[in-house]
C-alpha cells in the first residue's frame, strides 16, 4: 500500500532520527505586485509575471519565487555536517508504533481535504483548508495528551491568507528534525476559478505525515519529551507558487540560528498506476539530486528496514519541492516520492487529481484493480443489461405486449396523484440512457484507470438494469405489487452504490448513480399509488403530504453531501409530476405543491453548484464554524486499517 508505506518512512525517520515556539510572522509578497523574481537554478534568476509562473509549471520547469527571500542561504556560517546513524535503531520501540498506522485515517482525512473546491494559496478555500488542517493537527495533539508536556501546533502566517502549519514535539534539546509536506493545490489553467482537489499533489503527503504524527504521539517517551531532539511536522503553504511558505519558514529559522539536523519532504505519496502499468513493482522513490547525500543514504536504510516495498533512486530537478528551501538555508534535506519520477501522476495541477486515482484499499468502495476475467464479465453483463433496459423501455413505449398496455397507456389507465407527464419523463429517461453511453465508453476504453473506476460501480449498475427491466415488464402487465418490490430492492441497491462511491467522477456519478436514484425514488411513489388505487379523497389528501418527501429526499443529499446533481434531477421529475397533475385537475394542491417542490429543489441546486464555478464559497459556510472542520464521512466507507 503506497501511501501507508510513505507514512512508515515519515514515522520511522522522525522516531529513529530522534537519537542523532512559533517563528516570527513572515509577510511575503504583494497581492498587487506585477513582477516576481524567480530562481530557475543556482544563481539563475529572472523577473517574470505571475501568469509566466504558471506557464513554467505547465512546461514542467521548477523554480523558487525568491522575491521576498533573496538572502536565503547567502550567509550560512554554521557547520552543517551531521552524523547520521549507520543503521536504524530502537526497533523494539518503533515496530509497535508502525503497526498503529491506519489507512482508514489517511483515507478519511484525504476525503475531507480534497472536498475543498481548491487549496490555491490565494483563495478563500486555501485559507479555509489550512484552518481545517490546523484544527485537525491540534485535535491530534490534544487527544494524545502531549499538550500537557509542551507539544503544540502553531500557524506561520503569510500575507496571502493561507497559513503554514507547524506541530512541535519538544525533546531534550532544541536540535530539530523536520518532517514536511505542502498543503496547497493548484489548477494551472485558471488557479482562481477552476477546482483543484490536489489529492496526490500534495493531499497525499499531507495526510501521510498527519498519520505519522498521530502514531508518534502514541509513544509515552516521545510525549514526555525524552527524545534526544525536537521533532517538527510542517505543512507548507504556497509550494505551488514557488516554495513560498517553506522559504519563509527556513529563512526565519536561518535568521534565528535554529539547529535543524534533518528535513524530510513527502510530496505526492499515493499514485502507482503508471508504475504498475509499466510492469514494474511498487517502490518508494528516493530523490538523489539537490539533496543531502548522507541523509538520503540514511533514508534508504530506513526504507530497507521498515517498508514492505523497496526504494528506487530517481531525480526531480532543482527546486522540485519544499526540501529545496531547507537545503538552501544550509539544512540537510531529503525527499521521498510515490515512484520513479518518470511515473509520476500526470493528473496533478488539474481538476482530475482526485482520491479515486490513488492507491487506497477500500473494501467498502473502490478496489485497486480487477483481473482481466472480471473486466470481461463486467463488460459483457453491463452491455447486455443496458441493452435490455434500452430495448424494453423503447419497445413498450410504442408497442403493447400481449395481455398488457404500453408504458404510457398504463399511466393513463391508472391515473393517480403521482402520475407523471409522458413527454417530460421520456426525455429524462432518454437523456439518462444517452449519458450512460459515456459510462460504457469508460468501461470499454483502453485507459486502464477509467476502466478501473467504471468497474468499481459495475455490479450495482448491472443490478439496477436487471431490476429496472423487470419493473417495466411488470408495470405494462399491471403487476404493480411485484413491481413495487423490484423498485424497493433497487432503492437499496442504488443507495448502497451512492454511499460506497461518494467521490465518483461526474461522467459516472450522474448517469449511473444519481440519475437512476432520483428516478427510482419517484417511481416508488408513482407505482405505489397505482398499486393501491390512490384515487379516493383520502388517498389524494395523503398524497398531498407524501409529495413533500421528494423535497426532503433531495435536501438530504444536497445538505449532507452538497450534491446538486440529484437536486436538478428531482426538480425535473417534480416538474413532470406537476404538468401531468395540472392536466388531471386544474385546481388542485398536488400540482401546486409539485411546482413549489421543483422550484425549491432547483434553487437549492443552483445555490450549491454556481458559487464553486466562480471560485466562491457558499454564503452560509463560515471559516470559523467548527462544525465545518468535522469530517462528516461515514466510518464504514473508509479503507482498511
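Heads up, residue numbers simply count up from 1 along the chain you see.
Backbone N, Cα and C atoms are what each Cβ position is placed from, and that goes for glycine too.
As written in TrEMBL, here are the features:
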SIGNAL    1-19  signal peptide
DOMAIN    165-358  domain 'Peptidase M28'
TRANSMEM  376-398  transmembrane segment
TRANSMEM  427-446  transmembrane segment
TRANSMEM  466-487  transmembrane segment
TRANSMEM  507-525  transmembrane segment
TRANSMEM  537-559  transmembrane segment
TRANSMEM  590-614  transmembrane segment
- Please work out whether the transmembrane segment (376-398) lies in contact with the transmembrane segment (537-559), by counting C-beta pairs under 8 angstroms that are 6 or more apart in sequence and asking whether there are at least 3. no
- Note on the structure: Counting Cβ pairs closer than 8 Å to the transmembrane segment (537-559), the top stretch among 427-446, 466-487, 507-525, 590-614 is 590-614
- Cβ-Cβ under 8 Å with the transmembrane segment (466-487): same-chain residues at least 6 beyond its ends: 385, 388-389, 392-393, 396, 400-401, 403-407, 410, 414, 493, 516, 520, 523-524, 527-528, 530-531
